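Over in TrEMBL, the protein carries these features:
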COMPBIAS  A:8-30  compositional bias 'Low complexity'
DOMAIN    A:99-309  domain 'ABC transmembrane type-1'
REGION    A:1-33  region 'Disordered'
TRANSMEM  A:43-61  transmembrane segment
TRANSMEM  A:99-124  transmembrane segment
TRANSMEM  A:136-157  transmembrane segment
TRANSMEM  A:188-209  transmembrane segment
TRANSMEM  A:242-264  transmembrane segment
TRANSMEM  A:288-308  transmembrane segment
């Protein structure tokens, strides 16, 4: 209870102790005003987050849409309105959308990521030894700053670096150019992304799995169901909404990959993603207008894909009892 | 749902009107040098990228010296680690110090919007070098304190081990020398620093060296196809391409590390790198830290000769400018002039002073001994070239296109040198056309 609520709750009580037993109407605040304050209270609580949300999300987005209709270079005090020219430039140059092919690697990786996360969440939801330790270990990468992750993996991927040394222990010889070989660069980067975000998926799944009543497993075990059957027929249907949410996040996430490739390769060697391209347009080639338009296009794309996904996989309530 | 759209549209319109409502930035008065030091007063803020000199007190010492001449001016420094990024964002406000370094990515035609003119070009160019790099409509907006020569930092011991003592005089000779180094020593003949990227952009600063032509950069504005045989960009990029193509560079360019490369060249694991003359003292320091002989590191010009003489281009380092919104312009200008001409900063760091007629520093002794011609790189058409460069999205001063060049050369991207140069030429020509060049 917050202090505001406490004071209000305390007021009538204090009045009752000192005042006459039949409460006079004059001693209490008028009913109308009280109702108004009561109606206002939730808005007062909402004021802080709403202000922050509007100030740091909606106004910048509105600004961005405004910039996308101009030829602003990001620094000049003047800018002129060019209408839809930036959007025409974007759609008439298919080369600008080729970078989405790179997103395919991350999309494929996110399926691996979800599968792994499901596996670990299931295993750790049973009575595994040291399960809390493993939960911590698997979730830990998500807590590390993205820049640090990038630098760590730069050393990891160096020729004759950590990964090559590890592989040699298992008898795989030779130096690999994990980031240098154009066929390996994107899978390597996508691998880093799996390592980093798998823990988050796992925690989401784990939370959902824990809300499944344990007597279901007991009943299933009595009926002779093994672990795989329990997973297939109890856990998967039980956490379906979370799984489908993960897929939606995976698709929009893989379209907007930025941090890992930007830090590790800067988009060189065929690892440029749409967001890196946008950043380069804005800050290297002074085309903030065009870059804003790309950002708007990305936003629309993601909204569209999410909407299609929601239509294809309708939300359903899961009854667990 | 519908109401949300109304709100969004309304917000968009507000944003759009806010954009068009802005007016032209005010133009500042001339930041003239004060005639009487005792009369200038006030506290000025100097933005700098030399955070190292703030922490070791070097800048404080200069400020104290300055205080003896200008007793009523107080100088405060503000160090920025990500100088380029932070300054450019701050320049959207009026609060970006009194004295600052002009960010590299700012195009020259913007200078009058942000900086106070320092004086007429005709007058200032008599006293300082490189004023044409910051001249707009006959007025100078920035002065640099030092100049930088370009060339290869090389490990003499490694080159000597391969039996090479003379500087190569043609790009072919240079490549042949690197091949000898590869076969006779364990060193990596050339290190691209591809990952960090900016060392690749330094190749552009060599424009002018191959043909020994101070106007080579300016001619980019009038060239339809800058990557054609005979041009400087062609010669420079072809050399880089050949080095990588013949596998004379490091095996995995994507995981290079600049800090690491300094000690690698210091200890002879790397034989050469294309850098500015400022890097000589840094690599020597790295060699010393690794217990090697710092004198092993030398500096050689671009492999090209005109009339039997080598040629190296000089370009300015960061230029100092005065904020056009500053109300202490006289004090700010006093600091710039004092810092460049009186502080002794350039000599202390072994750099080339930008004051006309100043002698070459010790680090470039080999240049004076071998009679290397030092030429300026004129940038009279910089505004136009910047415009074409940004419109074409090539970025001759950014790393992207040369990283691609290295990728093509090592077989990691499709095409060969000719097809890539043709692509670049196409983009350049198209951008020139759209801009009406």
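Quick reminder: no glycine exception, Cβ is built from N, Cα and C everywhere.
At the 8 Å Cβ threshold, with sequence separation of at least 6, the transmembrane segment (A:242-264) comes into contact with the transmembrane segment (A:136-157) through 3 or more pairs. Within its own chain, the transmembrane segment (A:99-124) has Cβ neighbours under 8 Å at 131, 134-135, 138, 186-187, 189-191, 193-194, 197-199, 201-206, 209, 231, 235, 243, 246-247, 250-251, 253-255, 257, 261, 270-274, 276-277, counting only residues six or more beyond its boundaries. Remote same-chain residues near the transmembrane segment (A:136-157) are listed as 120, 163, 178-179, 188, 192, 195-200, 202-203, 259-260, 263-264 (criterion: CB distance under 8 Å, separation of at least six residues from the stretch ends).
Tertiary neighbourhood of the transmembrane segment (A:43-61): same-chain residues 299, selected by CB-CB distance under 8 Å and a gap of 6+ residues from either end.
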